[in-house]
Amino acid sequence: MTDHQQRIHPVVDVEAPAPSTPLVPHGSATSEKGSPIQQRPPQRTIPVRPPPPPRKRSCCCKCICWTVSLIVLLLIILGATIGILYLVFRPQLPKYSIDSLRISDLRLNFDMTLYAKFDVKITANNPNKKIGISYEKGGRLSVWYTNSKLCEGSLPKFYQGHQNITKLEVVLTGQTQSGSTLMSALQEQQQTGQIPLDLKVHAPVAVKLGKLKMRKVKILGECKLVVDSLSANNIISIKASNCKFRLKL
C-alpha cells in the first residue's frame, strides 16, 4: 500500500428530495382529504344556576286585595245610589216653629224642688214633595234655663205626609233640684223682661220614600227663646226665637 491511502466518501444524490419535517404534529388527526384538523384545548365548564322562581303571593294577601276591592266597589255603588235618590226626591229637613208657650204652674215644693208645668204649641212643616215622615215612639221635648232642665214631655206618634203642616200641643212637666236658687235666678231675670229659655227637640223618625220605609234616624233641634215673663196661668210673649235642626243617622 502506498502512503496515500484512498479514502471512500459517501456519494450524495443531488436530485433526491431532502427529508422534510412532518406538517402534522404528533397526535393530530387528519381529515379524509389529508388536511389536519385543529383540536381545541379542553374548556372548563362553569355550572350556571337558574334564577330563583318568583315568590307566590300568599292566600292571605290575595284575600285582603279581594276584600278591599269589594269594599271599594260597594262604596261606589252605594254612593251612586244615594246620588240618584237625592236627585229624584230632593230631600229637605222638616221645619219647626214655636207658636205659643204657656206656664200652667211654677212653684217651690216643700222639699225645695222647683215644679214646672208648661204648655207648648208647635208647628211642624214637611216641605218635601215625595217624602213622608213617620214620627216614632220616644220623641222628647224639654225646656231648659241655662244648664237646668225645667220640664219635659213626650212628642206624639204620628205620620206626616208630603208637604203637610201639622199643629202639635205638648204638655211638659218636671221637678228640679236646688229649686230655691233656681227660682231666685228666674225672678231676678224676670225683672229685666227678657228671660232666655232653650227648647230642645229629640225626635226619632222614619223616612218614607213612596211606599218604601227607610231606616230610623233622629231629628235633633234646639230653639233659643227669649220670653218676657214666667207668670203662671198667663200666655207668655215670645220676643225672639232662633231654631236650628239637624239629622243624626
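Quick reminder: no glycine exception, Cβ is built from N, Cα and C everywhere.
The feature compositional bias 'Basic and acidic residues' is assigned by TrEMBL to 1-12. Taken from TrEMBL, the feature region 'Disordered' covers 1-55. Under the heading compositional bias 'Low complexity', TrEMBL lists 36-47. Among the features that TrEMBL reports, transmembrane segment is placed at 66-89. Under the heading domain 'Late embryogenesis abundant protein LEA-2 subgroup', TrEMBL lists 122-213.
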Helix, strand and coil counts within the domain 'Late embryogenesis abundant protein LEA-2 subgroup' (122-213) (DSSP): 12 helix, 56 strand, 24 coil
Local confidence of the domain 'Late embryogenesis abundant protein LEA-2 subgroup' (122-213) - pLDDT mean: 92
